[in-house]
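A short write-up of the structure that comes next.
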Amino acid sequence: MQIRFIAGAIVTGVLFLVIFIIATVYFMRSKHQDELDKKSTNHLPLPLDYASNEVNSMDTTPIVKTLHLNVTTPLFGNSRSYVDPHTYEDPNQAIREFAREIDANYITIEAIIGGGEFGDVCRGRLKIPPNFVQDIDVAIKTLKPGSSEKARCDFLTEASIMGQFDHPNVIYLQGVVTRSNPVMIITEYMENGSLDTFLRVNDGKFQTLQLIIMLRGIASGMAYLSDMNYVHRDLAARNVLVNAQLICKIADFGLSREIENASDAYTTRGGKIPVRWTAPEAIAFRKFTSASDVWSYGVVLWEVMSYGERPYWNWSNQDVIKSIEKGYRLPAPMDCPEALYQLMLDCWQKQRTHRPTFASIVSTLDNLARQPQSLLTTRNSPESDGTHILDTQRGQNIFISTDLWLEHIKMSRYCQHFKEANLINAQQISRLTAQQLSDMGITLVGHQKKILHQARQLDTII
């Protein structure tokens with residue numbers, strides 16, 4: 001009996017000892033894991049900020065990866081918000097965080113293709129990781145030698161902005177060169193240049209559906225920027241670039257500013273405003289929102305459908321401002337589908353809260369692309385340049401001269417063609433045909449349509 005008691009006590013003691021050891025081990029492991037979690041959390045990159053030493057250790061890899069390097073996974077998710085580089089006391093810190101430093105030895109400048117506020121814009125080649133044997137076409141912005149430190153910071157600010165974006169319709173930043181001279185900003189190369197020039201060169205050559213696809217890309221890029229709480233302030237066809245595949249990408253972030261949320265506005269302290277593209281509330285009160293960017297998009301839509309025509313033609317800025325305030329809106333471009341012109345008018349609503357969002361614009365364009373029959377109804381109103389080709393102020397119509405008529409319809413480049421064809425009066429011009437224009441050497445389809453459309457208006461004075 002005593003032996004059984006002793007044996008039971010031993011077993012019980014061993015059991016308690018095992019339980020104690022297990023509990024101790026579990027407690028220690030839990031405590032250790034908590035410490036690891038705490039340490040890990042303290043060292044995780046914040047959504048808007050991350051340790052510069054970690055970024056600098058990845059000099060051979062872009063901060064935001066794109067198809068240029070055959071990868072598509074961004075370092076951060078799409079939940080990131082735009083950070084205004086101007087909020088940094090040290091502008092160089094913003095550059096270190098948002099742009100990849102590139103060794104100048106990997107860059108070859110091939111040709112100067114333009115000039116900017118700070119220096120030349122060049123076409124070149126960039127050797128890319130991992131082995132730096134393969135190279136790609138790039139655009140290179142250079143800073144003028146001898147520029148001030150302020151100019152250098154202003155120059156690099158655009159790179160700090162671009163480096164935060166990762167979208168197929170926003171220009172991609174490859175990196176910067178800041179540790180040698182000249183200082184450079186390296187971006188992807190867009191073969192067809194600015195959208196406005198590209199459209200003027202290719203006047204009348206695209207189908208409406210092709211133009212809608214281009215416009216859809218611009219709207220998609222702007223929807224992305226809007227989602228990042230970002231306002232562009234200078235959206236215009238001249239600030240959209242076109243690549244070889246006709247993909248449009250938003251560029252030129254020199255006027256960009258942060259907005260804290262979609263309903264907030266950025267108020268400028270002065271400076272130039274692109275009046276022809278700017279919403280009335282932004283002109284009057286210098287308040288900018290994504291809604292004012294939507295107004296600008298409406299003007300871009302008009303530019304695209306008119307193949308690069310200048311908005312409001314030769315009007316002065318004051319005339320533009322007064323006319324918009326009175327309710328005037330740009331007329332529908334020639335052969336513009338009714339649905340697209342209605343979208344323009346929606347973007348030009350005086351009350352900014354009545355304008356569509358970029359997301360809804362993308363949806364509208366998608367629907368139009370899926371239903372081509374909706375594009376068959378066009379506006380019949382003639383394309384106008386804000387001046388009358390006929391003098392009707394005294395209740396009579398007077399054709400003045402062929403040269404003046406061509407100047408009024410923005411076709412003065414063809415004055416010599418008309419002279420050689422001996423077209424000198426309204427009756428002759430009103431009977432023009434497309435074949436006659438081709439025989440005269442006027443072969444651009446868009447120009448033919450415009451001339452013939454305006455020529456038919458001369459019937460009223462014959």
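One is the number of the first residue shown, and numbering goes on along the chain from there.
Every residue, even glycine, has its Cβ placed from backbone N, Cα and C.
Per TrEMBL, the feature ATP binding site maps to LYS141. Secondary structure at LYS141 (ATP binding site), as computed by DSSP, is strand.
The domain 'Protein kinase' annotation in TrEMBL covers 107-376.
DSSP states for the domain 'SAM' (405-461), grouped as helix (H, G, I), strand (E, B) and coil, give 41 helix, 0 strand, 16 coil. The domain 'SAM' annotation in TrEMBL covers 405-461.
Look at TrEMBL and you will find 6-28 tagged as transmembrane segment.
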List of residues, in chain order, with Cβ under 8 A from that of LYS141 (ATP binding site) and at least 6 apart:
GLY116, PHE118, GLY119, ASP120, VAL121, CYS122, PHE155, MET184, ILE185, THR187
